[in-house]
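Step one of this worksheet: look at the structure below.
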Amino acid sequence: MYKKVAFVYLPLPKKGSHGVACVSVRPGRGVCGTPGVSSRSVLLPNSFNSSKEQQRWIGNVCENVRLERLRARRVRLEASAARKPFTALPRGAYSREGQVLRAWAGVVTLFAIDRSLLRVFAMARIRFPSSLAGMLVLFLSLLVADRIRSWPLSRSPEEPDTLVAERLPCSVASVVSSWASPGLSLMTRWLAIFFVPNLIMLPAAAVPRGSALLRLVIAIGFGLVMSLFSTILFVSFLERVSRRREVRNVDGSPLEPATAPERIPKGASIPGIPLQFQRESDSVSSAAPKASSGPQLALIGIWTMVWAASTLGWIFGTGMTADGRATALWLSLLSSTVVGFSLGQRLPTKFQKALHPLLTCVILTYLSIWLLAKGSSSTWNDILLLYMRRPGKQWPPHLESVANIAAESPVFILGGPGNVLLSFLGPAVLSFAFQMYQRRQFIREKAIQVLGGCLLAAFFGMLASALLARVLCLPAALRLVFVPRSITAPLAIAMADMLECDATLTATIVVITGLLGANFGRLLIDLWRPVVPQASSPVARGLAMGASAHGLGTAAISEEPEAFPFAAIAMALVGTLSALMVTLPAFRTLLGIIAGVRMS
């Protein structure tokens, strides 16, 4: 192995002149592991304020040399790995069938973990969302498992460009993440649809009427803009604070780092290295992966045929059995949601910024409900109520005859189509842990922005919401309901109980906030780029969406792989910190004073 990198500083007598820093590596092998390169010379400023600044400046040189050594090490590893047999994972894991099997196995595993956590939390009477707690525990477990080494992963003969690092002893967390990657990809593609049932059921929620409703809508819209902008400002401020630790020249200008190793264009040949070792893998490309173009047209066509057949079966199947007709209704409601979401994902990106797939999904589902109601002489509201049954409640007893017969069918015993989609929300939240683990290095580097931004967003977000509700003269019963508007629904309901306000109305406000954030959040952030340059940073974008629009905002920004993990962290941390703050009597009293509501 190489010796430790050494530096030699040669000061010159004249003030303001430069010395020479020599980076010496093992004699005869060179910096890059190639003959003829035994040292690296750079100009070193001779006017440092302290020896610590000098050491930091030299550290930049060390980092560049380290990158060159890693690149040379990769070449040697590829040369040695080419002589090793392919072992470890079965060959079927690399085939198309193996990927599909692993994808569904990963989804089923996450679903089983979520159901187990839900039962444990229910038995222990813990009111904290089980999926959110599971995500945090799973993320911490992956970080611990990252320090435990496991067997080497092999690569497929059909994939010669696979990372050679997979052939080295890798961590247990890397093995688990690699095995679960197909399932995570499947969950990410359909992530937003798991939030749809709560949006579709909004017309059935109890909301204020008249001018109070108008003021509430204005408050939600203005509050979303305020949360997005303030979070970006918080992150921008913390970014400047963290940069103060960087070394600067005497005149205050940023210190120019040492020259980085020359980047070789993709496809260009490297002198002295065989061509078979110069091919870069697509999996290690620094460019962000392209956004998915949506489900395949064949899949959309299948669901469209199911939607058409089941809708016609409900409308014209008067001679069918009650269970058969109820099955047609159930499939029609589910397929309309899937088709609407899939078509929304197939829209061009510029249209999706103004018309999010969530909106196309809701619109097409409402259209399907209208057709089902007209074709069966039922009311639109009765068919809507069959879409999802609220947790712990029975079907409404006042449904019309046809809808009532369908509700009593065994098909609807476990709930409507919305309940099935909503049951995958917990596993989707658990999958966020893997997304954060895959970006752990970037998150570690931005720890100040992440932790500080989430803390400031949680504290000032609730105080500003209480003040905004008072300024807009919302009714006293709605002011504290408005406080947890940016918190994920399970935590917001628990906070509503602690604040002694209507939990159902709180959930409605949370859903509306998430819908607006998912549809317009990224567009608003893009508009602020000329004013706040930090709005282009994936850290600021992800934290702003997760802190302002909770799970729906996180799902909406999943198309930006660099920002998505920060949105998931913000959703979890802001919700957790907000819930912990509300448990303090002094903080609840402060919220009541700001909102102009007397707390008992």
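The backbone N, Cα and C atoms fix where each Cβ goes, glycine too.
What TrEMBL lists as transmembrane segment is 128-145, 190-207, 213-238, 297-316, 328-347, 354-373, 420-438, 450-471, 503-525, 566-591.
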| Can you find at least 3 Cβ pairs under 8 Å between the transmembrane segment (190-207) and the transmembrane segment (328-347), where each pair is 6 or more residues apart in sequence? | yes
| field | Interface present between the transmembrane segment (354-373) and the transmembrane segment (297-316) (three or more C-beta pairs under 8 A) | value | yes
| Long-range Cβ neighbours of the transmembrane segment (420-438) (under 8 Å; 6 or more residues past either end) | 107, 110-111, 113-115, 117-118, 129-132, 134-136, 138-139, 142-143, 146, 173, 177, 180-181, 183-184, 187-188, 190-191, 193-198, 334, 337, 388, 414, 551, 554, 564-565, 568-569, 571-572
| note | Given 213-238, 328-347, 503-525, 566-591, the one sharing the most C-beta pairs under 8 Å with the transmembrane segment (128-145) is 566-591
| Residues of the parent chain within Cβ reach of the transmembrane segment (566-591), under 8 Å, 6 or more residues beyond its termini | 128, 132, 135-136, 231, 432, 435-436, 439, 443, 446, 450-451, 453-455, 457-459, 461-463, 466, 480, 483-484, 486-488, 491-492, 494-495, 498-499, 538-539, 541-547, 550-551, 553-554, 557, 599
| query | Hey, which bits of the same chain come close to the transmembrane segment (328-347), Cβ under 8 Å, at least six residues off its ends? | reply | 190, 192-193, 196, 200, 292-295, 297, 299-300, 303-304, 306-307, 309-311, 313-314, 317, 320, 355-365, 367-369, 372, 383, 386-387, 406, 411-412, 416-418, 420-421
